[in-house]
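Notes for the one structure printed next.
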């Protein structure tokens, strides 16, 4: 540092008074960056020089100044030569010398930042320099201001989110808020809030966080006339206030009709408010400053009380409350097995309401036990009551049974039904469906064990063949036989159901078929001509021939007759069973009918023969000379020596056999054709049932 003598200082001040003012000039800089150098740089700067550089950058920027070279005269507190950096109202730095000391400072690596868009840099040199000083080389640039981080003025900072960009910034708000017109304050759209429930909770926006600024909120509680709303402030109550002026900034106000409560602010919650009306408006206002947490209130409505209710016998009331008031509703229901009875109308539940005048909308109904009513009748069956006095109410029990021994219950169900809580008779398996009574097949009351074996076609005992049917013309003349299947079907030979065909032209036309009105079915028949009280004369509904029936060869010689009404099953009328398995050679079968005995005359009563089943090859050999063919749908029976056979008038009749294990009779065949009735080596040929069983069941639906 240069030594300053008293005399030099005195001379300096004297010269300053004697010499004219130092020449000075100003340079205006408006670029975003630039360079500033002392006069004459890099040579020595002149004495008595003063230059000012005024740097201005756009809004949103500040100025950064740094020095690459600095070499000025040293002086105490930079009294001689110096560089001064300042703004309009603030000196940012003063530099001089070659290195920093206790009394002078050089910029070194220091960066000078302006707080705003303006910076002034002034260089000044005094009247003399004893040494050579090279001055300075400085650079400046505009740098972006991060307003989001550096904004100190609360009134200009963003409420929620601040987004900086080069040269400026903008504000945005959280979800549910909108930006105020000042572009920094976030407010909520909180007007028009409507509450119509009888109880509820209302809070300031974002409670318990600070509520938004510059907001005008309104909340309306609007209930049905007859209610009275009460308000209760809860938990935190924190609204900006003023120590001297009541609620000048933020406040909450309550309006109900002509009454007004408030404004309220501060940290003390208002007392509970009973508005005595059904419609209340709550107003809340906030200004553009403050960080207060807001308020929370609950409301509830009360009305006139209604009298206490007594539930009906065998019933209940829901909900069960100590007190019921206006608009409360209760649901009356009954215990399981009971129904609500109101004004002679039965229903599951009944609802009543407490009215605004304190009266119930209706009287409590009664509970009536469920009645399933008289059980439905069962076809071919009967019903008995298991409960005393033939009760039909809830949990009463009945039992269905079939008319034995002629009918049996399908699937062997118990037949027990209980009156359910829904008012229906219900079975564990069948639910609401009635059981089905199926005809018992192949179990005649009169056992064949009671008579000796029949030879050469002897009269059959009455009732031993209860399935045999007589096909009779309306004049009473019989023409064929048949077998009862199920409750209303008769199986016979197809050739029985049409007129005789011309041997020269054996084509079956529909006009040759018998009409249902051309004949009738007689069940329970024993005598051929005479009638007795056990006979049942039945009308024919329709006839169906086997689709593969050939009238020339008698292949598939089967026909079904559907009855218009079901016969009454008894000791003399019962269906025969369909076969469960194919028949085997040698099995003894019984053929019955009212046909001629050995081509001489018709018998007076039902006749039967017992013969064995014959091997189909043996049967075919017997008919080969006659050019007759025995097909797979046919079965033969008879004795080689002859003497026992079905004859004219027996066509369509049954050939049956007994299953000893099941003690049931099964249909093996239907009398179809033969040659020379009862002659040696002339077996009877029958339509075989087993291979045609599927077709029979498909048409009739009959199951054993």
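Cβ coordinates are placed from backbone N, Cα and C, and glycine is handled just like the others.
As recorded in Swiss-Prot:
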BINDING   73, 81, 126, 128  Ca(2+) 1 binding site
BINDING   144, 145, 147, 164, 165, 168  Ca(2+) 2 binding site
BINDING   240, 250, 287, 289  Ca(2+) 3 binding site
DOMAIN    25-143  domain 'CUB 1'
DOMAIN    144-187  domain 'EGF-like'
DOMAIN    370-439  domain 'Sushi 2'
CARBOHYD  54  N-linked glycosylation site
CARBOHYD  183  N-linked glycosylation site
CARBOHYD  390  N-linked glycosylation site
CARBOHYD  412  N-linked glycosylation site
REGION    25-189  region 'Homodimerization'
REGION    25-189  region 'Interaction with MBL2'
REGION    25-283  region 'Interaction with FCN2'
SIGNAL    1-24  signal peptide
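Shown here: features listed in Swiss-Prot, placed on the structure.
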| residue | record | DSSP class |
| --- | --- | --- |
| 54 | N-linked glycosylation site | strand |
| 73 | Ca(2+) 1 binding site | coil |
| 128 | Ca(2+) 1 binding site | coil |
| 145 | Ca(2+) 2 binding site | coil |
| 164 | Ca(2+) 2 binding site | strand |
| 250 | Ca(2+) 3 binding site | coil |
| 289 | Ca(2+) 3 binding site | coil |
Residue 250 (Ca(2+) 3 binding site): tally of other CB atoms within 10 A of its CB: 26
For the domain 'Sushi 2' (370-439), residues assigned helix / strand / coil by DSSP: 6 helix, 27 strand, 37 coil
Length of the line joining the Cα atoms of residue 165 (Ca(2+) 2 binding site) and residue 126 (Ca(2+) 1 binding site), in Å: 45
Recorded positions listed as 128, 164, 183, 289, least Cβ neighbours within 10 Å: 183
Nearest-integer angstrom distance between the alpha carbons (Cα) of residue 126 (Ca(2+) 1 binding site) and residue 54 (N-linked glycosylation site): 21
PLDDT averaged over the residues of the region 'Interaction with FCN2' (25-283): 91
For residue 145 (Ca(2+) 2 binding site), the number of other Cβ atoms found within 10 Å of its own Cβ: 24
Remaining residues near the recorded Ca(2+) 2 site, that is with C-beta within 8 Å of the centroid of the site residues 144, 145, 147, 164, 165, 168: 60, 146, 148, 166, 167, 169
DSSP three-state assignment for residue 183 (N-linked glycosylation site): coil
For residue 390 (N-linked glycosylation site), the number of other Cβ atoms found within 10 Å of its own Cβ: 11
Chain-mates of 73, 81, 126, 128 with C-beta within 8 Å of site centroid, Ca(2+) 1: 47, 75, 80, 125, 127, 129, 133
List of residues, in chain order, with Cβ under 8 A from that of residue 240 (Ca(2+) 3 binding site) and at least 6 apart: 249, 250, 265, 286, 287, 289, 290, 292
Lowest local Cβ density among 126, 144, 147, which the record lists as binding-site residues, within 10 Å: 144
Chain-internal residues, separated by at least six, CB under 8 A from residue 54 (N-linked glycosylation site): 26, 27, 28, 29, 118, 119, 120
Integer Å distance between the CA atoms belonging to residue 164 (Ca(2+) 2 binding site) and residue 390 (N-linked glycosylation site): 92
